[in-house]
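Chemist: Here it is, the structure, as structure tokens.
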């Protein structure tokens, strides 16, 4: 058996756990501001399967409710394949940054002035 055989499974489990943690964080909604997300009598499983949150701890508010909106932030990509050119060859760092772009003068043969990417907060950076 290859020493890398379990790597795919490990990555899948890690991805699922990160998704569950992020979903739980997005379900931390003040009960007074919950927006109903299911019909009366919806089961927890039906609620979760529809992408909603479920908590029956507080009476008089929706138990199946919409999660908080995803939050995004701008980052300069570290993955070279994600660099999208934002300026002409020879652009200076100052000119690039004045355009609101990222600047990194290495390695050769890739854009040095490139656009930010949007990453969901809580996700691992790319």
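Quick reminder: no glycine exception, Cβ is built from N, Cα and C everywhere.
Automatic prediction, not curation, is the source of TrEMBL annotations.
Per TrEMBL, the feature signal peptide maps to 1-25. Marked as domain 'P-type' by TrEMBL: 23-68, 74-117. Feature annotation from TrEMBL assigns disulfide bond to 37-52, 47-64, 76-102, 86-101, 96-113.
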Chemist: For the domain 'P-type' (74-117), how many residues does DSSP put in helix, in strand and in coil?
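Modeler: Counting residues per DSSP class in the domain 'P-type' (74-117), I get 9 helix, 8 strand, 27 coil.
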Chemist: Does residue 52 (disulfide bond) have same-chain partners at least 6 apart in sequence with Cβ under 8 Å from its own Cβ, and which are they?
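Modeler: In sequence order, 37, 38, 64, 65, 66, 67 meet the Cβ cut-off.
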Chemist: Could you tell me the C-alpha distance between residue 102 (disulfide bond) and residue 47 (disulfide bond) in angstrom, no decimals?
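Modeler: Answer for this pair: 41 Å between alpha carbons.
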Chemist: Nearest by CA distance to residue 86 (disulfide bond): which of the disulfide-bonded residues is it, out of 47, 76, 113?
Modeler: 113
Chemist: To the nearest Å, how far is the Cα of residue 113 (disulfide bond) from the Cα of residue 101 (disulfide bond)?
Modeler: 6
Chemist: Rounded to a whole angstrom, what is the C-alpha distance between residue 47 (disulfide bond) and residue 76 (disulfide bond)?
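Modeler: Checking the Cα atoms of residue 47 (disulfide bond) and residue 76 (disulfide bond) gives a distance of 36 Å.
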Chemist: Near residue 101 (disulfide bond), which residues of its chain come within a Cβ-Cβ distance under 8 Å, counting only those 6 or more away in sequence?
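Modeler: Spatial neighbours, sequence-distant, of residue 101 (disulfide bond): 86, 87, 113, 114, 115, 116.
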Chemist: By the count of other Cβ atoms within 10 Å, pick out the sparsest of the disulfide-bonded residues 37, 76, 96, 113.
Modeler: 76
Chemist: Using C-alpha atoms only, work out the spacing between residue 76 (disulfide bond) and residue 96 (disulfide bond) and round it to an integer in Å.
Modeler: 13
Chemist: Summarise the domain 'P-type' (23-68) as counts of helix, strand and coil residues per DSSP.
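Modeler: For that range the per-state counts are 13 helix, 5 strand, 28 coil.
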